[in-house]
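Undergrad: Checked TrEMBL, it gives:
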BINDING   Asn12, Glu374  Mg(2+) binding site
BINDING   Lys19, His198, Leu199, Gly200, Asn201, Gly202, Asp272, Phe273, Arg274, Gly320, Val321, Gly322, Glu323, Asn324  ATP binding site
BINDING   Arg81  substrate binding site
ACT_SITE  Asp138  active site, proton donor/acceptor
SITE      His170  site 'Transition state stabilizer'
SITE      Arg231  site 'Transition state stabilizer'
Amino acid sequence: MNTMSRSVLVLNSGSSSVKYAVMDPDSGVLVADGIVERIGDPRPDAGGVADHAAAMEVVFDALASDGHTLEDLGLVAVGHRVVHGGPDLHRPTIVDDDTLVRLKELAPLAPLHNPPAILGIEVARKALPDLPHIAVFDTAFFHDLPAAAATYAIDAEVAESWSVRRYGFHGTSHQYVSEQAAAFLGAPLESLSQIVLHLGNGASASAIVGGRPVETSMGLTPMEGLVMGTRSGDVDPGVIFYLWRTAGMSVEDIETMLNKSSGVRGLGGEIDFRELHREIESGDSAAQLAYDVYIHRLRKYIGAYLAVLGSVDVITFTAGVGENDAAVRRDALSGLTAFGIELDEHLNESPARTARRISPDGAPITVLVVPTDEELAIARACARVLAAGLGDG
Ligand code: ADP
């Protein structure tokens, strides 16, 4: 098998942007990456592109202007991030026409996320018809959550008829980071009980025993759980009915509010934690409350997962906020010495960008910061599919 020159094009297609990365799945080397934004923006002078097909052209142009031809990239597959795999799709799946039909049937479960991914797959299949296109699902890692964690306590017949369960998201990241944590500790994955805190614009927590998730904070959709950049996380479902019935908001209005103008932005006006901290320093009480609510929810989940797991070996922070925001890490874990959780202030403040320990030597629970790399995880998932099914590509 040629391990020198093969690579996977990883595409993450959103409604108005396409992120791409070309990676060598064997070495992990990033060959090229970028983002095409403002898809659908009719103003060309604003840097917009007409549609996803035009965005794909921009990706190829960007690769060419970096001196890459499709031939010398040695592409063996295109990996597509798909947010929702529904009840059945969970293994990385080579996309054929039948898979596309099944993905389209799932769109109502993830109306904001799956349709642009499907569009991205359709466009990329046309542009690169000779390569296998492999869908990798954000829900996959959590497919076998224990029933007690996956089941909502709602009318069982309704749940069954409409596939209402807790699916979990950010699975690619939770899996990758938990494996990296084990590797960093030099411990077998099977031996560890872990809590992973993926804190980016979207945010989710998971509890993992021996490499298998036993709980996660997102549910039917990526709205449940932690407070996020613009999403509310947990709310009483009664809020929705109250606003619909009494405030005259439509279901669409409420969905948009809970997704786009809630969370840290909804409370404090900012989505980016660097800005939020600046506002707090300047005495903005709304920003302070946003931060306090965010931290309170995070601590509740950490406490809950300590109880779910019984004993924990490692807690790992990842994604934009988790990797960079020392104050969030400190405030999420302060005062928990009785549970075996301590931070080394100096290590926590370190700006290092690689995997690192931030708890003191010998603390009962090891606390880590581990950078996530969903693109590499997707590229590796694709390579495994090729190795299992299609020879060495
Ligand atoms: P996404 O969920 O979009 O992939 P990321 O994981 O990239 O998001 O996280 C983006 C968020 O990370 C930003 O909105 C910001 O709040 C936070 N962030 C990034 N860099 C820093 C930093 N140096 N300090 C604090 N927060 C940061």
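Any Cβ shown, glycine's included, is placed from N, Cα and C.
Note: TrEMBL annotation is automatic and uncurated.
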Undergrad: Those recorded positions, Asp138, Asn201, Asp272, Arg274: which ones have a Cβ sitting under 6 Å from ligand 1?
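TA: By the Cβ criterion, which requires under 6 Å to ligand 1, the hits are Asn201, Asp272, Arg274.
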Undergrad: For the recorded positions Lys19, Arg231, which one has its C-beta crowded by the most other C-beta atoms within 10 angstroms?
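TA: Most Cβ neighbours within 10 Å: Arg231.
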Undergrad: Measuring CA to CA, name the entry from the recorded positions Arg81, Arg231, Arg274, Val321 that ends up nearest Glu374 (Mg(2+) binding site).
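TA: Answer for the nearest of the recorded positions: Arg81.
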Undergrad: Would you list, in sequence order, the recorded positions among Asn12, Lys19, Arg81, His170, Arg274, Val321 whose CA lies within 10 Å of the CA of Asp138 (active site, proton donor/acceptor)?
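TA: Of everything listed, what lies within 10 Å of Asp138 (active site, proton donor/acceptor) (Cα to Cα) is Arg81, His170.
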Undergrad: Which one of the recorded positions (Asp138, Asp272) has its C-beta surrounded by the most other C-beta atoms within 10 angstroms?
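TA: Answer by Cβ density within 10 Å: Asp138.
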Undergrad: Hey, of the binding-site residues listed (Asn12, Asn201), which one tops the CB count within 10 A?
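TA: The most densely surrounded of these binding-site residues is Asn12.
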Undergrad: Measuring CB to CB from Arg274 (ATP binding site), give everything in the same chain under 8 Å that is also at least six residues away in sequence.
TA: none
Undergrad: Name the residue among the binding-site residues Glu323, Glu374 whose Cβ has the smallest number of other Cβ atoms within 10 Å.
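TA: Looking at the binding-site residues Glu323, Glu374, the Cβ with the fewest others within 10 Å is that of Glu323.
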Undergrad: Counting Cβ atoms within 10 Å of each candidate's own Cβ, which of the recorded positions Arg81, His170 comes out highest?
TA: His170
Undergrad: Taking the residues Lys19, His198, Leu199, Gly200, Asn201, Gly202, Asp272, Phe273, Arg274, Gly320, Val321, Gly322, Glu323, Asn324, which the record names as binding ATP, find the longest CA to CA distance and state it in Å to the nearest whole number.
TA: 23
Undergrad: In sequence order, which residues at least six apart in the same chain have a CB under 8 Å from the CB of Leu199 (ATP binding site)?
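TA: In sequence order, Leu226, Leu298, Phe317, Thr318, Ala319, Gly320, Val321, Gly322, Asp325, Val328 meet the Cβ cut-off.
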Undergrad: Using Cα-Cα distances with a 10 Å cut-off, which of the recorded positions Asn12, Asn201, Arg231, Asp272, Glu323 are near Arg81 (substrate binding site)?
TA: Asn12
Undergrad: Recorded positions Asn12, His170, Arg231: which have a Cα within 10 Å of Asn201 (ATP binding site)?
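TA: Within 10 Å of Asn201 (ATP binding site): Arg231.
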Undergrad: Would you mind checking how many other C-beta atoms are within 10 angstroms of the C-beta on Val321 (ATP binding site)?
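TA: Summing over all protein chains shown, Val321 (ATP binding site) has 26 other Cβ atoms within 10 Å.
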Undergrad: According to DSSP, which kind of secondary structure is Asn12 (Mg(2+) binding site) found in, if we only use helix, strand and coil?
TA: strand
